[in-house]
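Colleague: A single structure is presented below for examination.
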Amino acid sequence: MIISAASDYRAAAQRILPPFLFHYMDGGAYSEYTLRRNVEDLSEVALRQRILKNMSDLSLETTLFNEKLSMPVALGPVGLCGMYARRGEVQAAKAADAHGIPFTLSTVSVCPIEEVAPAIKRPMWFQLYVLRDRGFMRNALERAKAAGCSTLVFTVDMPTPGARYRDAHSGMSGPNAAMRRYLQAVTHPQWAWDVGLNGRPHDLGNISAYLGKPTGLEDYIGWLGNNFDPSISWKDLEWIRDFWDGPMVIKGILDPEDARDAVRFGADGIVVSNHGGRQLDGVLSSARALPAIADAVKGDIAILADSGIRNGLDVVRMIALGADTILLGRAFLYALATAGQAGVANLLNLIEKEMKVAMTLTGAKSISEITQDSLVQGLGKELPAALAPMAKGNAA
């Protein structure tokens, strides 16, 4: 199979993976409207083509939180990576490290902090949820700090799990889920051999380390689902801000006023994100939400963004809309499921090449030159006319 884009990795991953795993990463909440709009809205953002600009000394390098990045991209937190490739978190982290960009370990990773951190030279980032069990949160933070994690990504848009209907149909949840998953696994031999047999243990490494016993998918659905905390407020984050020494990023911002609150709180960064369309269907796509948020807080706080980004052109679009750096999610997971570390490495090379093409043809020699001026104006403020009413309606 020829791999020329993330979409090729998606098709390959669908063939390799048992349906419960493919649809878990590929699906979204409710009718998946926001999941679709994340991709479609971003694809409609029009860039200005510029010519005869002497682009021979183009550079993608940037700096974030005093870290040098080879390009304004990081691998975002994705749960259960180790179910998609053998010790998947380690493989993805190694690919990111080799490319000179950060890797973010999820709270609900298969590989624990202590397995991933020593496998790479660059300090990794760590993502944490707000859970009722504050003892687990403190334990995870202490272990992340001891492992040398540099940046904390604090996810706040999951006070309760989203309604993901695909999961019930695919076997991730629903009636007879365990038996359905087993039958799917044995009919997908490549995955069964590489991950099912040779990728063990399949427990949730960070949670097992705290509970002192093996965990699995039932704990992911049960213990974790019962521990999300709908009572969370900004005040609950204060002890974390005091405890954590490094940069703290608030993930799950879609409204300018919440972005301003993050600045007032003292966060170092925010992630403009709707959780990849996996939480509340019908909310703004990240591409729609980003311009108003950038208007509100650009320069006061680092702005990261995710959701809907599938290639290097999308990265350039997001930066033009106001992001400083973007996080990859599904795109790298498709590649990981298809070809492990080599797949993620190839995807990052593709994204870098696509960014260079987009920057060359828009006349931006550096990341700092990708601005609102890189967008076609007159179609609506920073967005095509079809998107502008939503963006204006969300301005605060």
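Including glycine, each Cβ sits where the backbone N, Cα and C put it.
Taken from Swiss-Prot, the feature domain 'FMN hydroxy acid dehydrogenase' applies to 1-380, supported by sequence analysis. What Swiss-Prot records for Tyr24, Tyr129, Arg164, Arg278 is substrate binding site. Among the features that Swiss-Prot reports, FMN binding site is placed at Ser106, Gln127, Thr155, Lys251, 306-330, with the record citing sequence analysis. Residues or ranges marked as active site, proton acceptor by Swiss-Prot: His275.
Let's see these features in context: how buried, what's close, how far.
Modeller: Its Cβ placed at the centre, Arg278 (substrate binding site) has 23 other Cβ atoms within 10 Å.
DSSP gives Ser106 (FMN binding site) a coil state; it is part of no helix or strand. Within the same chain, the residues at least 6 positions away from Ser106 (FMN binding site) whose Cβ sits under 8 Å from its Cβ are Pro77, Val78, Gly79, Leu80, Cys81, Glu89, Gln127, listed in sequence order.
DSSP assigns His275 (active site, proton acceptor) to a helix in the three-state reduction.
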Colleague: Which is it, of Arg310, Arg330: the one of these binding-site residues whose Cβ has the most other Cβ atoms within 10 Å?
Modeller: Arg330
Colleague: Select the most exposed residue of Tyr24, Ile326, where exposure means the fewest other Cβ atoms within 10 Å, treating these as the binding-site residues.
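Modeller: Comparing Cβ neighbours within 10 Å for the binding-site residues Tyr24, Ile326, Tyr24 has the fewest.
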Colleague: List the binding-site residues among Tyr24, Arg164, Asp306, Ile326, Arg330 whose C-alpha is within 10 Å of the C-alpha of His275 (active site, proton acceptor), in sequence order, or say none.
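Modeller: Those close enough are Asp306.
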Colleague: Along the domain 'FMN hydroxy acid dehydrogenase' (1-380), what average pLDDT does this model show?
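Modeller: That region's mean pLDDT is 95.
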